[in-house]
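Q: So TrEMBL says this about it:
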type	residues	note
ACT_SITE	Asp67	active site, proton acceptor
ACT_SITE	Asn136	active site, for ring-opening step
ACT_SITE	His138	active site, proton acceptor
ACT_SITE	Glu143	active site, for ring-opening step
DOMAIN	13-224	domain 'Glucosamine/galactosamine-6-phosphate isomerase'
Amino acid sequence: MKLNIFANPNLLHEAAAQTIVRLLRQKPDAVLGLATGGTPVGIYEALTAAVRRREVSFARAASFNLDEYVGLPPDHPASYRFYMDQHLFRHIDIPPERTHIPDGCAADLERECERYDRLLQAAGRIDLMLLGLGHNGHIGFNEPGRALHSKTHVAVLHPQTREANARFFCTPEEVPTKAITMGLGSIFSARTILLVVKGNDKADIVHRALTGPITTECPASLLQLHPRLVVMLDEGAAARFKCQTTQNAPHEPVDSTNGLW
Ligand SMILES: O=P(O)(O)OC[C@H]1O[C@](O)(CO)[C@@H](O)[C@@H]1O
């Protein structure tokens, strides 16, 4: 695992974006796994700026989003399709037909999950999976529980998750109770996983996920087993890690695990 700690969120956003830029320069047809939520917004802004500066092109790339709410159409402002269009896709040159997000309004949700898995399989391995972290340790919408799913499935959202995401809706009651999410198997099969976590409110959970026991009660703890895990934290999220803030250029991540493991 490579752990990078940044003095402020802007440096973190830039470093995460540059990781994706570097990948696309080496491999223009890379398959990207993408996340939503508050965390990646700044990363998508930095990617948009890099495309505007013509530092990178997404013209040959493909993307697969982690999840989508059940029952929200693409034009609902809180749907993840809407979010991705608003924050990234409409600002970059990725062909719309190569951007994939589960259809949360499909008449048959089980078939939609199977369809998404077939698309993932046909695309080959995800080269880089961008992940945020839920306050309860969820990744995508893989919620804590006695068992985890490997494949794309319909997840019942934890009350804590619905509460955390209520800020994206007019009223808390509007937050859907279910979502379609990529499973742990699909997330894990990515060549590289980039976990980005910001804010003091996530300091405990990110520390537990990366240093605590590996358990389905904290889905992100499974990431400890991934052979190529890159973690980027701001100082708030890194409060419980006793290692130094990344001093070198933010786009040159260093291995700063410094005897932690
Ligand atoms: O960045 P946020 O808004 O804290 O969300 C964290 C995680 O929660 C989700 O939004 C799902 O609740 C994930 O997609 C995201 O990575």
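Just so you know, glycine gets a Cβ as well, placed from its N, Cα and C.
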Q: Any idea what the Cα distance is from Asn136 (active site, for ring-opening step) over to Asp67 (active site, proton acceptor), rounded to a whole Å?
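A: Distance between the two Cα atoms comes out at 17 Å.
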Q: Measuring CB to CB from His138 (active site, proton acceptor), give everything in the same chain under 8 Å that is also at least six residues away in sequence.
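A: Looking at Cβ-Cβ distances below 8 Å from His138 (active site, proton acceptor), excluding near sequence neighbours, one finds Pro144, His158, Thr161, Pro219, Ala220.
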Q: Within 10 Å of the Cβ of Asn136 (active site, for ring-opening step), how many other Cβ atoms can you find? Include all protein chains, please.
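A: Result for Asn136 (active site, for ring-opening step): 17 neighbouring Cβ atoms inside 10 Å.
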Q: Glu143 (active site, for ring-opening step) to Asp67 (active site, proton acceptor): how many Å between their Cα atoms?
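A: About 12 Å separates the two Cα atoms.
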Q: Once near-sequence residues are set aside, which residues in the chain of Asp67 (active site, proton acceptor), 6 or more away, have Cβ atoms under 8 Å from its Cβ?
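A: Long-range Cβ contacts: Thr36, Tyr80, Pro102, Gly140, Phe141, Ala155, Ala179, Ile180, Thr181, Met182.
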Q: Test of understanding: give the count of other CB atoms lying within 10 angstroms of the CB of Glu143 (active site, for ring-opening step).
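A: I count 21 other Cβ atoms within 10 Å of it.
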